[in-house]
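One structure below.
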Amino acid sequence: MKNELEKVMAGRDMTENEMNMLANSIIQGELSDVQIASFLVALKMKGESASELTGLARALQKAAISIPTNLTNAMDNCGTGGDRSFSFNISTTAAFVLAAGGVNMAKHGNRSITSKSGSADVLEALGINLYLPAEKLAQVFDKVGLVFLFAQNLHPAMKYFTPVRRQLEIPTIMNLTGPLINPIPLDTQLLGTSRPDLLELTANVLKGLGRKRALVITGEGGMDEATPFGLNHYALLENGEVTLHKFRAADVGMSEVALNDIRGGEAPENSEILKNVLENCSSAFLETTVLNAGLGFYANGKVDSIKSGIELAREVIAQGAALEKLHELQAEQIG
């Protein structure tokens, strides 16, 4: 640990193997909270590298509980969190739209770290069981084409990181790693990050981890979602190549809304917002959801443009299919 910490503090990147070995030491309970915290802060101050992200992701992925699903072509739209926008649960709401549109959604998430309501919090408020065993989760996914995978339940190794992260109260490499370690192997991914400086790097990490197609997005003001206001930047992984792009709401046929109009609250309030969106109630919440679901359809390769993805998202919601997908999950991910 000392050598690795000194290396990072000197501004030098760890190799993938060095990070993998250090992560395994943490996972095996060999380091104290103070050592883990000092390491996370040092990495943040230096700036995380692709090799460090990949090494940590591979170690945590290997330690995760496997989900024995029969479905292929799985996708996730989990974000890094940590943007402190206090928005409603955008990616969680969009996941129902994506699943209703035919995308096999393995929604990976956690409780709130820096916001009022994480994806796990809002889904628990909707009656979703966070603690089903892996075999049952696989059955839910195979039947519904959507499942919520509670990170704390499926990543036993996280118990060594979570107390430290809560005490630090700042985004760390763990925020960046969380979306990379879905227990179900992913073919495609929409990943929101609050770090626009890491768009290209993260897309290349996803490439190294085997994603066939992926889109990494940062919204206006560093939101880890696409925003229907201001400028969005994204990196697209397509055909093995990473390209950088940007767009505004008007570029994809949408009107702008204000950040204040998409702020959420605690889990009960956010669960009502989610249901209202899936019921097609006109609002800034709905507009933000169709934008992010549209981006997800594009990331998945189901449509050939973001604008076409937005149109598909509106259609899925208007037909009631997204609300029905919520009801399906509520009926299956229980007990």
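For all residues, glycine too, the Cβ spot is worked out from N, Cα and C.
Annotated in Swiss-Prot:
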type	residues	note
BINDING	Gly79, 82-83, Ser87, 89-92, 107-115, Ser119	5-phospho-alpha-D-ribose 1-diphosphate binding site
BINDING	Gly79, Asn110	anthranilate 1 binding site
BINDING	Ser91, Glu225	Mg(2+) 1 binding site
BINDING	Arg165	anthranilate 2 binding site
BINDING	Asp224, Glu225	Mg(2+) 2 binding site
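Known features from Swiss-Prot, placed on the structure.
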residue	record	Cβ within 10 Å
Gly79	5-phospho-alpha-D-ribose 1-diphosphate binding site	28
Ser87	5-phospho-alpha-D-ribose 1-diphosphate binding site	24
Ser91	5-phospho-alpha-D-ribose 1-diphosphate binding site	26
His108	5-phospho-alpha-D-ribose 1-diphosphate binding site	27
Asn110	anthranilate 1 binding site	22
Arg111	5-phospho-alpha-D-ribose 1-diphosphate binding site	19
Arg165	anthranilate 2 binding site	21
Asp224	Mg(2+) 2 binding site	26
Glu225	Mg(2+) 1 binding site	30
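Classification of Ser87 (5-phospho-alpha-D-ribose 1-diphosphate binding site) by DSSP places it within a strand. In the three-state DSSP scheme, Arg165 (anthranilate 2 binding site) is classed as helix. Measuring Cα to Cα from Glu225 (Mg(2+) 1 binding site), the binding-site residues that fall within 10 Å are Ser91, out of Ser91, His108, Asn110. Taking Cα separation as the measure, Asp224 (Mg(2+) 2 binding site) is nearest to Gly79 of the binding-site residues Gly79, Ser87, His108, Arg111. Annotated pair Ser87 (5-phospho-alpha-D-ribose 1-diphosphate binding site) and Asn110 (anthranilate 1 binding site), C-alpha to C-alpha distance, rounded: 16 Å.
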